[in-house]
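Peer 1: Here it is: the structure, laid out below.
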């Protein structure tokens, strides 16, 4: 009788079992099975033969960790930076890069099928990152004055894992990290816990809070022919080597004749997609809740001579209640929401607007699938879906979905 066939109490927590990891699923965990149980296995690779210990039992589902790697997968490698992998910041560092890409394709495919009810014939195309390490132009570091420690949070906790360097970032940010670490080692980083946001563009670095004091430095990125000023407080896409391909894909269906109706850019940030949209549409309305980003977005458009752009420092949720009365029906709408996707009020506003085309840029396949199901149930057809590996060494993936409206009655 196997350990999973007998119950020695209310749960199987602490039990061990041998199993084979079938594939990777949302969150980057391995999917495996045992009698009567679906297992989610941390730090796994597809094809691993493992002995795992149950750490959390939820009835038919259990979460486990590997205690013995009996037969490693051919996709498995030794993580080049073990401390980073332990922090949770590089949950795929134990996988060969082609296996990381394949896993992300599977995660997107599974989410659309399981949550969205969208039967893709095959996993979507994925655009690989030209750089597997040293690619990030934005970072968030944590400082704990008690240890002291500088680095990333451990997976599933608030404990800071102390790291000598950050191999995920570009050289400019690597130098900034080294400087902050030297300040910490000299005892001059202060006695309060900090979350330090960092960004770089054009060789300059912006930090918030800045260890030297004062406001974060303004920096300027040049992307697809546009100049975008911002600072470390603002959201900006994180993989410097994929910025232009991402813009190109997002604009693929944006060339829609619209003499009167504006194009809409929801969650517009500092104008990353707004400015390219304004090259294709006479009027563009951008919505951004963060006031710092909204100010930069309007200024970036004005300095580019794009007089048809208006940025509203407003939440998309509040906007959704009045959108139909304010704007009529736009020919094109682009949205790039945070991980949680569209709030219900924003979704209702979008459906009332009935834009002819929608491009949805998402950093979470699960909420993307949920929102696509809503759109496709209201007369939209999914025309194209492309994934981008903006986050090598992690289970995160960016997805661009293009939809066209085919019915006028719904909504």
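Backbone N, Cα and C define each Cβ position, glycine as well.
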Peer 1: TrEMBL has 237, 267, 336 down as binding S-adenosyl-L-methionine; which of 192, 215, 288, 303 does it also list for that site?
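Peer 2: TrEMBL names 288 for this S-adenosyl-L-methionine site.
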Peer 1: Could you give the maximum C-alpha to C-alpha distance in Å for the residues 237, 267, 288, 336 that bind S-adenosyl-L-methionine per the record?
Peer 2: 15
Peer 1: For the S-adenosyl-L-methionine site given as 237, 267, 288, 336, which other residues of the same chain have their Cβ within 8 Å of the site's Cβ centre?
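Peer 2: In sequence order, the nearby non-listed residues are 235, 265, 266, 268, 269, 272, 273, 337, 361.
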Peer 1: If one measures from the C-alpha of residue 288 (S-adenosyl-L-methionine binding site) to the C-alpha of residue 363 (active site), what distance in angstrom results, rounded to a whole number?
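Peer 2: Rounded to the nearest whole number, the Cα-Cα distance is 17 Å.
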